[in-house]
Amino acid sequence: MNGKSFLDSSSTKILQDLAVAPIDLTSPGIISKERIERFSLFVEGFTFSYAMERVDDGILSALTGLASERGLLASMKAMQNGEVVNYIDNFPSESRPALHTATRAWVRGISLTGNAEDISLRSKIEVQRLRDFLNKYRDAFTTIVQIGIGGSELGPKALHCALKGCCPSDKKVYFVSNVDPDNAAEVLQEIDCSKTLVVTVSKSGTTLETAVNEELFADHFLKQGLSFRDHFIAVTCEGSPMDDTTRYLEVFHIWDSIGGRFSSTSMVGGVVLGFAYGFDAFIQLLEGAAAMDLVALEPHMSENLPMLSAMLGIWNRNFLRYPTTAVIPYSMGLEYFPAHLQQCGMESNGKSVAQTGELIGFSTSPILWGELGTNSQHSFFQALHQGSDIVPVEFIGFLRNQRGRDIEISGSSSSQKLFANMIAQSIALAKGRENVNPNKNFKGNRPSSLLVSERLTPYTMGALLAFYEHKIVFQGFCWGINSFDQEGVTLGKDLANQVLRIMQGQQGGDNVVIEAEALLGLFDKNKKLKEFGEA
């Protein structure tokens with residue numbers, strides 16, 4: 001990563017000047033067939049169209065220059081080769097590599113060295129152990145419940161949803177994440193415990209929400225006369241309190257160098273996906289992700305899909321100053337994907353301190369959000385078209401549906417109607433529509449991109465997952481921040497434990513005692529807090 005500040009880069013100054021009068025997408029003839037063909041990229045079964053972004057050749061050249069100045073490619077190579085990228089200079093930090101790409105590098109025989117080679121070999125061993133476990137136990141259970149929170153739930157849940165439409169399965173899958181006991185109670189009402197496998201996922205083995213939910217499940221199983229060890233397995237770091245094969249039926253491993261939000265291609269996602277859809281489906285997902293890892297190493301930005309998309313996002317965020325980005329998938333299989341991206345993007349790049357340890361004076365991660373199309377067209381798209389804030393949109397679509405069932409009505413199939421809506425929204429946002437009635441006038445110039453593949457499969461889902469991982473990481477490299485820690489999450493955990501001690505009549509800690517006691521007193525006028533949650 002370049003030691004110079006993002007703001008001090010010469011390309012930044014060029015882009016600031018260009019942003020004063022960016023291309024007007026509403027001008028007649030601007031969005032031409034030639035522009036649409038030139039501003040597109042074909043890679044790993046995806047077509048990426050950025051003709052509806054407010055960029056031209058000059059802006060793209062300056063963005064390429066900025067990516068070069070900020071050392072994006074070198075930083076990506078360093079990350080994938082296992083160099084330490086999770087650090088803050090001159091201050092205590094995690095100071096370790098970020099090796100999520102190593103969890104899938106082995107499936108394509110990607111050559112690695114040092115830490116990356118070690119984690120790749122270990123990942124291959126864990127996958128082989130998973131294969132053996134599935135061969136032995138998969139037929140013994142009809143249901144799997146994954147207990148975990150954050151990256152131990154959001155990514156695997158998004159992938160499960162993506163695969164269930166294309167991979168036949170007779171298995172039932174549930175996720176329990178929230179410490180709200182109603183989350184666990186709802187699942188327990190649905191399952192036959194005697195035929196259920198529970199996988200508890202926690203890197204540290206001490207995650208509060210996960211430990212509480214596991215205990216709740218264990219108590220329920222015990223009351224039904226079922227052995228904990230016969231039904232519970234774990235995914236955790238070696239040496240954690242959960243790394244205990246005398247307690248669990250099996251323990252699979254993950255490593256500190258793999259962040260939770262980037263862990264879906266490790267055993268964090270592998271166990272539940274392998275159980276639900278079979279070992280081969282998980283391998284295909286790994287192959288797609290590994291293929292996109294190689295794309296992220298392409299030297300030219302025009303051929304490097306994650307880098308190109310990352311720099312378009314930098315343009316929208318830092319130069320056109322758009323505060324949020326919407327991700328709108330036109331596929332039921334991606335129902336939970338925006339929630340995963342929200343964590344991946346905002347937990348990674350929601351930072352205001354540079355890796356140098358200095359405060360930064362520019363915007364970092366936009367607010368990431370989204371919902372399925374066409375549903376979202378009938379909820380918040382009004383604001384996208386005519387709201388006071390311009391929101392760049394990233395559309396994701398597929399030419400064919402997953403399940404193969406469709407019907408033709410009025411000359412077109414449902415899949416064609418879905419795809420037509422996505423294309424129409426992109427055009428409408430860019431071009432707008434003039435009307436003398438101001439309430440019916442659409443100004444346009446609202447940027448978007450289109451990412452399209454033929455069909456959502458395990459392979460394309462793996463590639464899509466890795467595409468967004470690398471896009472987010474490239475942006476962190478460009479901003480000069482550490483995309484791999486999450487001190488804000490740690491702070492909340494620490495203070496919650498202090499508040500709990502106060503609720504239990506113990507010393508809570510100087511950080512929160514006055515505020516917590518006042519707030520707890522406000523909510524405790526009629527009922528003792530220790531009775532909360534009881535019938």
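Sequential numbering from 1, following the chain as shown.
Just so you know, glycine gets a Cβ as well, placed from its N, Cα and C.
A 10 Å cutoff on Cβ-Cβ distances gives Glu347 (active site, proton donor) a total of 23 other Cβ atoms nearby, all chains included. Feature annotation from Swiss-Prot assigns active site, proton donor to Glu347.
According to Swiss-Prot, the feature active site maps to His378 (among others), an assignment based on sequence analysis. In the three-state DSSP scheme, His378 (active site) falls into the helix class.
What Swiss-Prot records for Lys493 (among others) is active site, and it gives sequence analysis as the kind of evidence. Taking a C-beta cut-off of under 8 angstroms and a sequence separation of 6 or more, Lys493 (active site) has the following same-chain neighbours: Leu208.
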* C-beta crowding around His378 (active site), within 10 angstroms -> 9
* To do: For Glu347 (active site, proton donor), name the DSSP secondary structure in the helix/strand/coil scheme.
  => helix
